[in-house]
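What follows is a single structure, written as structure tokens, with notes after it.
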Amino acid sequence: MLAAPSAYLKRLTKYGDAAAQLASTATERVHEIEDESTSEAQDQLDHEYEPLIHSTHSEQSRKSDRTGRSKQNSRPDPASRAQSQRSRVSYTSVEGAASLAPSETGTVTRMKRLEMAVSYICFFILGTTILLSWNALIVASSYFQSRLLGSQFETSFASWVAMTFTTGNLIFLAHANYTQAKANPNTRIFISVIAIILVLALLAITTRIESISATAFFPILIACSFLSAAGASYLQNAIVALSALFGPSYLQGILSGQGAIGALVSVIQFASAYGGLKEDDTSDSSAVLAAPQVVFTTTDSPIDDYVDKLRDSAFIFFIVATAMAAGSLVAYVILMRMPYFRVVVRSSGVDDPNDDLEHSDGGMGTKQPAEEHEPVSFRVVFGKVRLLALSVFYVFFVTLSVFPSITASVLSVNDKPGSDGKSPPAIFTPVLFVPLGFIIFNVGDWIGRAMPQIPLLNFHAPKALAIVSVARTAFVPLFLFCNVTAGVSEAPPIFDSDTIFLLLLLLFAISNGYISTLIMITGVGTPELEQHEIDTAATLLAFALTAGLALGSFASFGVRASICRCNPFLQ
């Protein structure tokens, strides 16, 4: 009788174990079915986009194969190399869809070509956001100087802003590159854009608070410059590395976006300055305001009225810039939701940002690499793009050594009353002539960044690019021969012509955008680079560019001191 309960207990335990095993088996089968379904869906996407990706990359693959023949002994066997080529995503261009063979156009639909075009536009918009806050800080200098009137930084603040931004950019970008492998690019992009939005919103708020003294406003301006540098650095690191997976044309889209935003904000600021003038605003007056390091006069209305106009136009300017930054977040969400984006990212063995959004804990998605690689060595990759990195560094070193600290100090030679005693046209007064210079530079830079899209203007020889980057040094003394005034130099100009100055500025800007874009595109297309090294090469080139900006901004103090014989940090 006592044995019966024990037997029943053993039997129940046995049935319970069997039920648990059955449940476990069922759960595993459900997961297998889900994985198979996901895999089939991804395979279908890969199959649909494979002709598009493969056709636009065949030339680069042939180029890499020719370069790699001398290193065949150190490369994988033919079978693994073929597998690598199948899983490899090289360089894609928007125009690539149109270059498909007739037999492939049936597979690649108009919708897929549209996705490529939309992807390019999204990268373009993200590129504008990288330098949005920087351009806002530079172009809104008339407003900033109106807030610094009477302080010791009234004429030197532009150099301080440039030095703070570029130095901070260099520091933060170095950290971004160092931590790139472990960072979540999705998080970096969102937080960086939000930081830029906060800076622009804060600057807009300052226009509504008149009680801020010049002494208090300067540290606020420097803090905004430093925070802008942080946002721009981490955003640039994530976006440039991501675009490198898609190919040079998408990187060119980012660079073109950076040029476009400079042109746009300078046009907006010029329009604001022009709108603040009256027909008689070029007559004599004792009211003194300033553009970046340039003292100019206004008229007719008291200085307080003119400052109010500057604040109103600056408020509108910063609000528009804030909305543009917010729009880039929308562009990024659209980009990462497109099937084409998922195919390129996943086939490159990189975490899909969409996976981050699908995890309730907000963590990183599981990486499923297309093939195993040893950790990327920065030293090895730098050795492959060393000459190009030094070239892009020097391009921006030369540019920042004179722009905007020296070029914005060049006044019109026609800013003098005529023989009849009448004042010159408003365009020749500093209030408009200086912003005009910004427009010419930024439009020229944008044109230069777009020029590599023309095949006839493309060249990718690293030595030739190094030579032309060094040749730009000639622009420095040429600008000093122009009408550099306002506390910088009182010597009579050698080039006594506005046309010569503006033409020099245009050529200077075009060469900056053109050469730097060629260098960046050539860098990520270097045949010696392995696929998994491309994004590292892109970030190294971006870091070299930033280093040129930082050291160039420091050099601008030296250039200024050499011609004004003064303390460039305070005058």
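Cβ coordinates are placed from backbone N, Cα and C, and glycine is handled just like the others.
TrEMBL: automatically predicted annotations, no manual curation.
Residues or ranges marked as compositional bias 'Basic and acidic residues' by TrEMBL: 44-68. Residues or ranges marked as compositional bias 'Low complexity' by TrEMBL: 79-88. The annotation region 'Disordered' is assigned in TrEMBL to 27-95, 352-371. What TrEMBL records for 117-137, 157-176, 188-205, 217-247, 314-335, 387-406, 426-444, 500-525, 537-559 is transmembrane segment.
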Legend entry - Distal contacts, the transmembrane segment (117-137) - CB-CB under 8 A, six or more residues away: 94, 144, 161, 165, 189, 193, 196, 199-200, 203, 221, 224-225, 228, 231-232, 235-236, 239, 243, 246, 249-250, 253-258, 260-262, 264-266, 317-318, 321, 324-325, 327-328, 331-332, 334-335, 338, 340-341, 442
Legend entry - Contact call for the transmembrane segment (387-406) against the transmembrane segment (217-247), three or more Cβ pairs under 8 Å: no
Legend entry - Same-chain residues at least 6 beyond the ends of the transmembrane segment (314-335) whose Cβ lies under 8 Å from its Cβ atoms: 118-119, 121-123, 125-126, 128-129, 132-133, 136, 140, 143, 189-190, 193, 196-197, 200-201, 203-204, 207-208, 261, 265, 268-269, 272, 341
